[in-house]
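K.L.:
I am attaching a structure below and will ask some questions about it afterwards.
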Amino acid sequence: LLFLFSSAYSRGVFRRDTHKSEVAHRFKDLGEEHFKGLVLVAFSQYLQQCPFEEHVKLVNEVTEFAKTCVADESAENCDKSLHTLFGDKLCTVATLRETYGEMADCCAKQEPERNECFLQHKDDNPNLPPLVRPEVDVMCTAFHDNEATFLKKYLYEVARRHPYFYAPELLFFAARYKAAFAECCQAADKAACLLPKLDELRDEGKASSAKQRLKCASLQKFGDRAFKAWAVARLSQKFPKAEFAEVSKLVTDLTKVHTECCHGDLLECADDRADLAKYMCENQDSISSKLKECCDKPLLEKSHCLAEVENDEMPADLPSLAADYVESKDVCKNYAEAKDVFLGMFLYEYARRHPDYSVMLLLRLAKAYEATLEKCCAAADPHECYAKVFDEFQPLVEEPQNLVKQNCELFEQLGEYKFQNALLVRYTKKVPQVSTPTLVEVSRNLGKVGAKCCKLPEAKRMPCAEDYLSVVLNRLCVLHEKTPVSEKVTKCCTESLVNRRPCFSALELDEAYVPKAFNAETFTFHADMCTLSEKEKQVKKQTALVELVKHKPKATKEQLKGVMDNFAAFVEKCCKADDKEACFAEEGPKFVAASQAALA
């Protein structure tokens with residue numbers, strides 16, 4: 001049990017050293033198809049601007065090399081580490097300096113510094129054009145003409161836009177993408193069959209990318225202790241019947257898998273993830289009764305299914321926690337003997353009893369418990385000091401409960417679009433220095449929490465909502481870190497992972513902010529507004545709303561609502577006009593003048 005939070009222990013350490021050639025070992029374990037897919041993802045995540053053909057060429061060279069090593073492990077260079085092999089390969093790209101600038105300096109470094117340097121240059125917001133979906137017939141033709149290239153292009157386009165996408169999971173998405181085309185390109189109505197499937201994959205993919213980004217941020221910014229604590233809480237909720245030792249083993253293995261993927265070690269990560277799935281399926285009886293249906297599936301589907309599996313039923317006769325963690329006279333002795341194990345067990349016991357709490361709340365409770373023990377175990381009468389520790393949890397529990405209740409009520413009342421607008425106003429007032437596109441993206445996603453979580457039963461609302469908000473706010477933190485503009489954002493993002501959401505919730509109107517000068521150009525619109533999709537229209541209107549609040553941070557709800565209603569009416573009027581552009585040219589300045597007057 002002492003191994004729970006010690007990173008030295010890991011089953012991977014033991015099998016690693018027996019292979020003369022790491023690249024041959026991974027090729028044999030993963031098979032050619034997965035090997036090639038993962039190498040393509042790795043290269044696309046590092047060199048996000050390189051053309052597709054360049055990457056395919058690199059992947060083919062690495063694959064041919066791996067095959068020579070499989071044939072003879074002692075062949076030249078086969079004993080080199082994967083980082084050395086891949087890094088050397090990346091550094092052969094001729095246009096490295098002109099395309100990536102200072103990233104080319106990484107090539108002068110030795111491993112492991114070189115790989116760290118490449119990782120630091122991954123761009124979370126790469127300047128790439130949005131993906132445009134071709135006509136269905138065009139896609140089906142491309143799929144039939146060259147299925148392999150079609151699927152590689154999918155891996156490449158997603159990986160370069162999402163440099164931290166969980167690689168083995170991206171292979172699963174690609175398999176579903178392939179299945180959708182194989183089925184729908186045969187269908188009578190291709191579009192009706194295919195488009196909903198592609199929309200679903202796109203939305204799920206974006207969600208998967210964002211969830212993984214939070215895992216990588218936890219590991220990179222807060223260390224593996226933070227990730228392990230998160231994993232103990234989550235797995236204890238999922239597997240309440242499993243023993244603590246079993247949960248600890250899974251946490252250790254899961255931490256290794258994610259550390260590897262977040263570190264760009266995609267072959268090791270995928271191999272270890274497959275081992276973990278195998279282990280879980282061989283030991284279902286001591287983990288969870290819910291794993292059965294996952295374990296019959298093929299590998300990629302199996303791993304995905306295990307990751308998403310629903311919570312097992314709680315054992316019926318769990319005793320009260322107070323006996324061991326409050327009433328016992330040995331609390332301080334047990335804590336002092338092995339602090340992290342004792343806290344890990346506390347977190348496990350609390351989490352398995354509370355599938356209705358968010359993981360972040362459970363971690364806050366464990367943190368509060370730790371702080372109380374640190375204080376009380378040094379006191380004259382420790383037991384007297386910590387006797388009321390569970391009462392101190394109450395406000396911590398009520399805060400997210402009330403937050404979810406209030407925001408779900410607001411969502412029910414307003415609907416998604418107007419709920420997003422309320423959040424846009426709220427967040428622009430808190431952190432007006434943040435760029436408008438980032439505020440729009442983050443607030444739109446925060447607003448999606450309503451449709452995602454508010455219709456769930458009470459017991460599932462908080463874990464759904466708060467853990468989703470943590471994922472969305474991490475996106476704000478990641479974008480803000482690239483171009484920091486607000487000390488408040490930096491403070492909320494870096495001080496504490498588990499308190500990020502309460503930190504943002506607690507921010508008030510930024511009094512120090514100097515309002516942005518009014519710029520008529522920002523509020524000038526043209527006839528192209530009329531041909532936009534509903535979503536694009538919303539983004540345009542929401543962009544204007546953010547700019548209004550930046551110009552008048554103290555505007556009231558009523559004032560802003562008046563201006564937005566006028567805006568909608570003005571756009572609708574001009575889009576119905578015979579000469580649309582003339583209408584925008586004439587009505588636009590009137591709208592701007594009326595808005596300024598309304599906000600004066």
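Every residue number used here counts from 1 along the chain in the order it is shown.
Here the Cβ of each residue, glycine as well, is placed from N, Cα and C on the backbone.
Quick paste of what Swiss-Prot says about this protein:
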SIGNAL    1-10  signal peptide
DOMAIN    11-202  domain 'Albumin 1'
MOD_RES   SER21  phosphoserine
BINDING   GLU22, GLU260, ASP265, GLU268  Ca(2+) 1 binding site
BINDING   ASP29, ASP271, ASP275  Ca(2+) 2 binding site
DISULFID  CYS69-CYS78  disulfide bond
MOD_RES   SER74  phosphoserine
MOD_RES   SER81  phosphoserine
BINDING   HIS83, HIS263, ASP265  Zn(2+) binding site
DISULFID  CYS91-CYS107  disulfide bond
DISULFID  CYS106-CYS117  disulfide bond
DISULFID  CYS140-CYS185  disulfide bond
DISULFID  CYS216-CYS262  disulfide bond
BINDING   LYS256  (4Z,15Z)-bilirubin IXalpha binding site
DISULFID  CYS261-CYS269  disulfide bond
MOD_RES   SER289  phosphoserine
DISULFID  CYS294-CYS305  disulfide bond
DISULFID  CYS332-CYS377  disulfide bond
DISULFID  CYS408-CYS454  disulfide bond
MOD_RES   SER435  phosphoserine
MOD_RES   THR436  phosphothreonine
MOD_RES   THR438  phosphothreonine
MOD_RES   LYS452  N6-succinyllysine
DISULFID  CYS477-CYS493  disulfide bond
DISULFID  CYS492-CYS503  disulfide bond
MOD_RES   SER505  phosphoserine
DISULFID  CYS530-CYS575  disulfide bond
MOD_RES   LYS535  N6-succinyllysine
MOD_RES   LYS550  N6-methyllysine
MOD_RES   LYS580  N6-succinyllysine
K.L.:
Roughly how many Å lie between the Cα atoms of ASP29 (Ca(2+) 2 binding site) and CYS305 (disulfide bond), rounded to a whole value?
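P.N.:
Answer for this pair: 21 Å between alpha carbons.
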K.L.:
Within 10 Å of the Cβ of CYS91 (disulfide bond), how many other Cβ atoms are there?
P.N.:
14
K.L.:
At a 10 Å cut-off from the C-beta of CYS117 (disulfide bond), count the other C-beta atoms across all protein chains.
P.N.:
17
K.L.:
Which ones, of the disulfide-bonded residues CYS107, CYS332, CYS454, CYS530, have a Cα no more than 10 Å from the Cα of ASP265 (Ca(2+) 1 binding site)?
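P.N.:
Checking Cα-Cα distances against ASP265 (Ca(2+) 1 binding site), none of the disulfide-bonded residues falls within 10 Å.
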K.L.:
Sorry to bug you, but what's the C-alpha spacing from HIS263 (Zn(2+) binding site) to CYS492 (disulfide bond), rounded to the closest Å?
P.N.:
25
K.L.:
Counting across all protein chains present, how many other Cβ atoms fall within 10 Å of the Cβ of CYS477 (disulfide bond)?
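P.N.:
Taking all protein chains shown, CYS477 (disulfide bond) has 21 Cβ neighbours within 10 Å.
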K.L.:
Which value does the mean pLDDT take for the domain 'Albumin 1' (11-202) in this predicted structure?
P.N.:
93
K.L.:
Select the closest residue to GLU22 (Ca(2+) 1 binding site) from the following recorded positions, measuring between CA atoms: CYS477, CYS503, SER505.
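P.N.:
Comparing Cα positions, the candidate nearest GLU22 (Ca(2+) 1 binding site) turns out to be CYS477.
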K.L.:
Quick one: which of these recorded positions, HIS83, CYS91, CYS269, CYS332, CYS503, SER505, have their CA within 10 A of GLU260 (Ca(2+) 1 binding site)?
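P.N.:
Those close enough are CYS269.
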